[in-house]
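*Asks:* I am attaching a structure below and will ask some questions about it afterwards.
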Amino acid sequence: MIAHLLCILSYNFNTSVILNVYSKLTMFCTTNTLPMDLLLKQGSLKQEVESFCYQIVSESNDQKVGILQSENEQLQPSVSKKSEGELSRVKFMSSSNKITTFSKKPKRRKYDESYLSFGFTYFGNRDAPHAQCVLCKKILSNSSLAPSKLRRHLETKHAAYKDKDISFFKQHLDSPENNKPPTPKIVNTDNESATEASYNVSYHIALSGEAHTIGELLIKPCAKDVVMRMFDEQYSKKIDAVQLSNSTVARRIKDLAADIEEELVCRLKICDGFSLQLDESADVSGLAVLLVFVRYRFNKSIEEDLLLCESLQSNATGEEIFNCINSFMQKHEIEWEKCVDVCSDASRAMDGKIAEAVTLIKYVAPESTSSHCLLYRHALAVKIMPTSLKNVLDQAVQIINYIKARPHQSRLLKILCEEMGAQHTALLLNTEVRWLSRGKVLVRLFELRRELLVFMDSAFRLSDCLTNSSWLLRLAYLADIFTKLNEVNLSMQGKNVTVFTVFDKMSSLLRKLEFWASSVEEENFDCFPTLSDFLTEINSTVDKDICSAIVQHLRGLRSTLLKYFPVTNDNNTWVRNPFTVTVKPASLVARDYESLIDLTSDSQVKQNFSELSLNDFWSSLIQEYPSIARRAVRVLLPFATMHLCETGFSYYAATKTKYRKRLDAAPHMRIRLSNITPNIKRICDKKTQKHCSH
C-alpha cells in the first residue's frame, strides 16, 4: 500500500515531499508492534496516512487541496473469499468533494506561420500538429516545433537554401507537387514477407536443380545460424516463419513455373512470328520426354525460351509429338499461322512423312519452313577420312579403352604418371556420341605416349604402335585437325545463333581447309602445332605417303562440307549488312526496297548497326521502319542448331536422377531453361492465404 501511495504522489509532488512521506510511514510501521492486519482493522494506518496527506497538502502551495478518501473495502480487509490485503486504487478528492485524478499532460506545441521562414509547414491536426519540411517532405514530431530545431534541420539538410526568404518557401509550398496528399506506406506483414521469402528460396532451389528437401534440411538452418551470429537470436527466430518443407517447395516451384508460362504465352500472342526447335529423348525412368523451344521477338530483342516440356505416354511417334504441341497451342490460343520455321534433328520421329510432327506442323502452318540442325551436318561431314588415318583413329580408341575399361589399370597408370611427373594422370574416355571431345581425347593420348609406353604390357598387341614414328605422326595430325574442327563447332553453339553465323563459320573453315592442304603439299606443318612440335622433337620429316593421306583428308573434308553446306545465291544478304546493298534484292518488293534506302540513309541507324548485334539491330527498327524490319526479323527467327535442346536434356538428366525418378521435372525445366524471371509479388498477391505451413 505504501508503494501504491508513493506512486500516486509522484505524479503531483516533488522528490523531497515523497521522501518525507516515505520516511514517516516507515517510522510508523516500525514503531508499532501490532500486525499489519490488525492495524488495518483498527483504522490506525488509515488515520496516519490521512494525517500525513493533510500535512503534505497544507505544506504545498498547490491550489488543488485534497484529502485522502478511501472506501472501507479498500483499506479494510475483505470479509469475502478474496485475498486479504487487496487494495483498490487511491483517489484524491478536491475541496468540492468531486473526484479528480492528478496526471501530467504532455506539452503540445502550436504551429506558427513564422516557421515557414525555416522551410516548415504543419502536418496533421492543427491543435497538435507535426512539422513537415516543404523541401524534403520529412515529417518531424510535435516536439520539434521550435525555431532552433527547425533552423538546425534547414542548415544541416538544406544548407543551400538557408539564406532564402519566406517567399521562396511559400512558393515551394504552393506548388502542385506539395499539394498532393501523402501516399501511405504499405508495410508487409510478417506472413507476407515470409511467403515472399519462401518463393525466393524455392526459385533458387529450382534453378540449382537440387532436391526440395534441401530448403528445410540445409538452407533454413544455415540462414538461422548466419542471422544469429551476425545480428541477434531474436531476428533468427523470424526465419522459422519461412516455410521450406518438401511439399511447400514443390507447390512454390509449380506456382513460379505457371507464372513464367503465363508471361510467355502473353508474349507469343502479341509477337509477329516465332520459330520452333524440338527434340525427344528418354529419361531415367524410361519416359519419352519432349522438349520444344521457341524463338520470338519481344520489345527490342529476339528472345529464346522453353515452350513446353512434356512426357509422351505411349509411342514417341510424329503424330503424338504433334498432338502434344498442338494441344498446348490450342489451350493457350496461340496461332499456328505465326510459326515461320521448325528445326529438328531429322530423326525418324521428327521429320520425313506426313504422319510425323514436322510435316503436320507445316500442314497447319503453311507459311512455315523446316530446317535440319547444322551441327549434325558438320558432325557427319568430319567422319569421312582415308583408310590409313581411320585405322590410326580406331587403334587409338582401342588403346584408351584398354586402360579405361579396367579400374585397376587406371589406378596404376595414375601412380606411374605422378612418379614420372606427367602433366596429366589419366586418359579421357572416347565415345561415338560425344564427338565434340574427340580432339581432347587424342591430344591427351599423344601427351601421355611416354608414360603409356612404360606402362603397356608387351603382350598387348597395340603396344608397338607407341614406338612407331609413322603411327605417332598420323596420331599427332588427327589430334590437331579434330581440335580445330571442335573449335569451329563450339563457335556455332550458344544462344541467338543465326543461319548467317553458321554459314560464316563454315565459309571460314572451307577457306582454311584449302590453305592447310596447300601448306602440307609444300611440307609446311606450322598450321598443326602438335605435329610440328613432334617433328622437331624427333628431328625428322614426314613421309610422302603420310603427306598424301593428310592432303587427301583435307580436300575430301572440304568437298564433303560443300555438299552439306552448299554455296547458294542468298537473296537475304541485305539482312546481314543493309549498308552494302546497291541493287534491289529479288526477295524485296519496291516498297520494301524504298524503306531499305531510307534506313541506310539514316546516320543514326548506321551508328546503331555497328554497336548492336544483328538480332537487336533489326528488332529495334520495328517502330520506325516496320515493313522492312519485320521481313528481316522473319529471316533471323529460324534456329540454326539444336543447342538449346541438347542443353535442356543435360539439365533434365541432372535434375531427374535415379534417386528422384518420381519427380515431375517439367516445372523445374520451365524455371531453369527460361529467360523470364517470375513475378513473385504478383504470385503472392493472388494468394488468399498468405502463409501456408505445409
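Glycine residues also receive a Cβ, built from the backbone N, Cα and C atoms like all the rest.
Computed from a predicted structure; not experimentally measured.
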*Asks:* Looking at 109-165, 508-564, 565-621, I want to know which stretch Swiss-Prot calls zinc finger.
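*Replies:* Going through 109-165, 508-564, 565-621 one by one, Swiss-Prot gives zinc finger for 109-165.
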*Asks:* For a quick check of understanding: among the binding-site residues CYS133, CYS136, which residue's Cβ has the most other Cβ atoms within 10 Å?
*Replies:* CYS133
*Asks:* For HIS158 (Zn(2+) binding site), what is the secondary structure state per DSSP, taken as helix, strand or coil?
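*Replies:* For HIS158 (Zn(2+) binding site) - judged by DSSP and reduced to three states - the answer is coil.
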*Asks:* Identify all same-chain residues not among CYS133, CYS136, HIS153, HIS158 whose C-beta atom falls within 8 angstroms of the centroid of the Zn(2+) site's C-beta atoms; report them in sequence order.
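*Replies:* Apart from CYS133, CYS136, HIS153, HIS158, the close residues are GLY119, PHE120, VAL134, LEU135, LYS138, LEU154, LYS157.
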*Asks:* Relative to the Cβ position of HIS153 (Zn(2+) binding site), how many further Cβ atoms are located within 10 Å?
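*Replies:* Other Cβ atoms found within 10 Å: 19.
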*Asks:* For CYS136 (Zn(2+) binding site), name the DSSP secondary structure in the helix/strand/coil scheme.
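*Replies:* Note: CYS136 (Zn(2+) binding site) is coil by DSSP, not helix or strand.
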*Asks:* List, in sequence order, the same-chain residues at least six positions removed whose CB sits under 8 Å from that of HIS158 (Zn(2+) binding site)?
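*Replies:* Residues satisfying the criterion: GLY119, CYS133, LEU135, CYS136.
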